[in-house]
Amino acid sequence: MSDREKASGAEDVDSVDFNGLDDPARAQNWNPFKKWMMIAVLALMTFISTLASTMFAPSVPSVMMEFRSKSSTLATFVVSVYVLGNAAGPLILAPLSEVYGRAPVYHATNFIYVVCTAACALSVDLPMLIVFRFLAGAMGSAVLSLGGGTITDLFVAEERGRAMAVWSLGPLLGPVVGPVAGGFIADAKGWRWIFWILTIASGVVTIAYYFFVPESYSPAILEKKASHLRKTENPNLRSKLASPLPPGLTLYRAVIRPSQMLLFSPIVTLLSVFIAVVYGQLYLLYTTITFVFEAQYHFAHRVTGLAFLGLGVGMLLGAGVFGAVSDRTLKSKARVNEGGELKPEYRLPVMVYGAILIPIGLFIYGWTAEKKSMWIIPIIGTGFVGAGMMATFVSSRSNSSSFDRA
């Protein structure tokens, strides 16, 4: 036997792997109830995290009055700084999950999120509120940035569309429900109670994570298995999926990889630009619906938030329809092309429905509101937008998660 063959044999002996494709330790082999319970808990925390982005908005005038500030810039910033935290957090949290696993990042960020949200409720001045809003947004971004990866851990390619649709309801419905709930809470109990309710809700879900969200990332599962075996058997054992690089260098590469993909992968670049435009249109609706229905239709301030429900209903319907369509499209194209291979780009045609529904909905919303047509008509228009958003997000998120894993 050659030296190379001996080295290869020694490497195989010292390598820890799953016990075949059917190993129950693999997340994709867990029972359906366990996997869907994880998705439900993830979606709930994602909903709470995004709920906080807009739930605070109706009470901004009260906050500015209490802290004796007349700056319109600060009034806008105290709301938008949370979304800024959402953008900054994944730059560090997502790479950390690639090195240490999903579960430790989830547990740590959820706990810090609860603390920062409570600190918002206890704020004594505007700078304190802004700082802790930013930190809460950064910590709340973990569930947004890791959710797609967790779904990829749990489900095979042809099953991910429905799971992605359910999980995507959280980040899309949260900002819709936020102004509705926030307006009533602020009117009844004051703005601080918005943060106390968010603290209580996120605290309960944080506890649920310890029971229903175990580690699902295969390299982290194998590393835990190898660590246990090293203590009882061969100290030279190592995970088959372990990186040969030092942890610091592995983390560095994980940090720069998203930027490399954005700059040098055309499909990632184009999808990112398209999704950025769609998200911009979504937040355009979030910022105009209140003004439109108060100014054009003279809705009372307390009930203006109910106008957001059209968007929410459209998202719910879109999640059910386009999640199933995404999976069926993937399977049908795989049967026709290249002998049944499941390619992530096979989901992209579903985005066409979004590209049609979103402009139709925006046209109905804008034109009928300007003409002061019956109030239900622009709300129906936002429903079309919501359904189109789900077609876009389900398809793009399922594709990007599969592409990243590949």
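Cβ from N, Cα, C; glycine included.
Residues annotated as transmembrane segment in TrEMBL: 36-60 (among others). Within its own chain, the transmembrane segment (36-60) is flanked in space by residues 75, 78-79, 82-83, 86, 110, 113, 117, 133, 136-137, 140-141, 143-144, 147, 150-151, 154, 163, 166-167, 169-179, 181-183, 185-186, 190-191, 194-195, 198, 201-202, 205-206, 208-209, 212-214, 216, 286, 290, 301, 305, which lie at least six positions past its ends and keep a Cβ under 8 Å from the stretch.
According to TrEMBL, the domain 'Major facilitator superfamily (MFS) profile' annotation covers 38-406.
Marked as transmembrane segment by TrEMBL: 72-93 (among others).
Under the heading transmembrane segment, TrEMBL lists 105-124 (among others).
According to TrEMBL, the transmembrane segment annotation covers 130-152 (among others).
Remote same-chain residues near the transmembrane segment (164-185) are listed as 39-40, 42-59, 143-144, 147-148, 151, 193-194, 197, 282-283, 286, 290, 301-302, 304-306, 308-309, 311-312, 315-316, 319-320, 322-324, 326, 386, 389-390, 393-394, 397-398, 401 (criterion: CB distance under 8 Å, separation of at least six residues from the stretch ends). Residues or ranges marked as transmembrane segment by TrEMBL: 164-185 (among others).
The transmembrane segment annotation in TrEMBL covers 191-212 (among others).
Per TrEMBL, the feature transmembrane segment maps to 262-286 (among others).
What TrEMBL lists as transmembrane segment is 306-325 (among others). Long-range neighbours of the transmembrane segment (306-325) within the same chain, counting only residues 6 or more positions beyond its ends whose Cβ lies under 8 Å from a Cβ of the stretch, are 161-166, 168-169, 172-173, 176-177, 179-180, 285-286, 289-290, 292-293, 299, 350, 353-354, 361, 375, 379-391, 394-395.
The annotation transmembrane segment is assigned in TrEMBL to 346-368 (among others).
The transmembrane segment annotation in TrEMBL covers 374-395 (among others).
Simply put, out of 72-93, 105-124, 130-152, 191-212, 374-395, 374-395 has the most Cβ pairs sitting under 8 Å from the transmembrane segment (262-286). With pairs at least 6 apart in sequence, the transmembrane segment (130-152) and the transmembrane segment (72-93) have 3 or more Cβ pairs within the 8 Å limit; the two touch. The transmembrane segment (105-124) makes contact with the transmembrane segment (191-212), as judged by at least three Cβ pairs under 8 Å among residues 6 or more apart in sequence. A Cβ distance under 8 Å defines the sequence-distant neighbours of the transmembrane segment (346-368), meaning residues of its chain 6+ beyond its ends; these are 161, 274, 278, 281, 285, 314, 322, 325-326, 329-330, 333-334, 337, 374, 377-378, 380-392, 394-396, 398-399, 402.
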